[in-house]
Amino acid sequence: MESLKQAIRERGNVLSDTVLKVDSFLNHQVDPKLINEIGQAFAERFKNEGITKVLTIESSGIAPSLVVATHLGVPFIFARKKKPLTMTDNVYRSQVYSFTKQETNEITVSKDLLHADDRVLIIDDFLANGQAAFGLCEIVEQAGAQVVGFGIVIEKSFQDGRKKLTDKGYRVESLARIQSFKNGTVQFVDEFVTQLSK
């Protein structure tokens, strides 16, 4: 998605060989025009899949998930990292390691919200090693529901999250696939492939 790549180039900040900061437009401050385009792109890719719920983890996945769900006309659920007092123990739960925060969280979703007949689209801001993705898959499986696919805003293709998911048979749609953060700059997969073919 060209507008997303442009935002990454112009407003993203490479902090290391594995970390990209996008808090000026995606996961702290949100660019409403861009997030709407992101939502439209995922909705278009998954429009014929009979999606009944969109699922993400709080908090960075909330903005894109809400917009995707709006375009698909279905509810969205965010797995909570901290169980509020208002949530009973009637929950699905999974352990998820955060690459960025270097910590493990127990994520929960109320059993009242996810059911065996649901067809679930999982949305997240980043895909690196697939920890969050598999944690959300586990919750969907506990409900007896079906994961239809993954919508990833930014994929770090140099890490193995995509391979792990596709090896398990999951569909993965990423709007920006990053090959590397070499020398503090972002190189996208399609640009890398173009360079190799020259």
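Placed from the backbone N, Cα and C atoms, the Cβ positions cover glycine too.
A quick note: this is a predicted structure, and the numbers were derived from the prediction, not measured.
Now, the feature entries from Swiss-Prot:
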type: BINDING; residues: LEU20, ASN27, LYS156; note: xanthine binding site
type: BINDING; residues: ALA128, ASN129, GLY130, GLN131, ALA132; note: 5-phospho-alpha-D-ribose 1-diphosphate binding site
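In this structure, ASN27 (xanthine binding site) belongs to neither helix nor strand by DSSP; it is coil. Cβ environment of ASN129 (5-phospho-alpha-D-ribose 1-diphosphate binding site): PHE99, GLN159, ASP160, GLY161, LYS164 lie under 8 Å away, each six or more residues apart in the same chain.
Of all the binding-site residues listed here (LEU20, ALA128, ALA132), the one with the fewest other CB atoms within 10 A of its own CB is LEU20. A Cα-Cα distance of 16 Å separates LEU20 (xanthine binding site) from GLY130 (5-phospho-alpha-D-ribose 1-diphosphate binding site). Just so you know, the Cβ of LYS156 (xanthine binding site) picks up 24 other Cβ atoms within 10 Å once every protein chain is counted. The C-beta environment of GLY130 (5-phospho-alpha-D-ribose 1-diphosphate binding site), restricted to residues of the same chain at least 6 apart in sequence and closer than 8 Å, consists of ASP160, GLY161, ARG162, LYS164, LEU165. Looking at ASN27, GLN131, the binding-site residues in this record, the fewest other C-beta atoms within 10 angstroms of the C-beta turn up around GLN131. Note: the CA-CA distance between ALA132 (5-phospho-alpha-D-ribose 1-diphosphate binding site) and LYS156 (xanthine binding site) rounds to 14 Å.
Neighbours of the xanthine site: apart from LEU20, ASN27, LYS156, residues of the same chain with C-beta atoms within 8 angstroms of the site's C-beta centroid are GLY12, VAL19, LYS21, VAL22, THR100, ASP125, PHE126, ALA128, ILE154, ILE178. A straight line from the CA of LYS156 (xanthine binding site) to the CA of GLN131 (5-phospho-alpha-D-ribose 1-diphosphate binding site) spans 13 Å.
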